[in-house]
Amino acid sequence: MNTCIQLLILCLVTVINSENLTDISTETTIENEIENATETELSEAIEKETENVTETELPDTVKTEIQFETQNLPHNPKQKYCRTEGQYCSRTYFHRCCGNLVCQLHGFFNGTCVQCLAERKFCIWSSECCSKRCRLFRCRKNPYVQVIPY
């Protein structure tokens, strides 16, 4: 047991030392290149790099990444491991829906996160149903809400 721990520590120290050595070698290489380059060479290199990037290229990339990341974030910061709308859920602590989303079950502990439950879907609380009326574990029509056709 002690031998395994010692080997593990030795491996970790070796990995950390090798990472530090590569960092130091790249830093010295960069310093040498900077010393050898003149100001005009540096300004020309910067101009060439900026010419290669178009104005529309950066905002689209950043915009896409931000939209993708915000879709994966939970609605409530206290809920770290929750599912967003349309993702798999099971009505358990491990696979729960974020915020006000509800898990609509399709089978035994197999469902999808939705805004609210439709009529005749399995429910526990009235707040889970779109009609706000849960009776005998099913969402029911709300007699007080009238739908007026156009």
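Cβ coordinates come from backbone N, Cα and C, glycine included.
Small disclaimer: the values here were computed from a predicted structure and weren't measured.
Out of CYS116, CYS129, the record in Swiss-Prot bonds CYS139 through a disulfide to CYS129. Between CYS116 and the candidates CYS103, CYS123, CYS130, CYS134, Swiss-Prot records a disulfide bond only with CYS130. Which of CYS103, CYS134 pairs with CYS123 is settled by Swiss-Prot: its disulfide partner is CYS134. The two recorded residues, CYS130 (disulfide bond) and CYS139 (disulfide bond), show a Cα separation of 8 Å. Cα to Cα, CYS129 (disulfide bond) and CYS116 (disulfide bond) are separated by 5 Å. DSSP assigns CYS123 (disulfide bond) to coil in the three-state reduction, outside any helix or strand.
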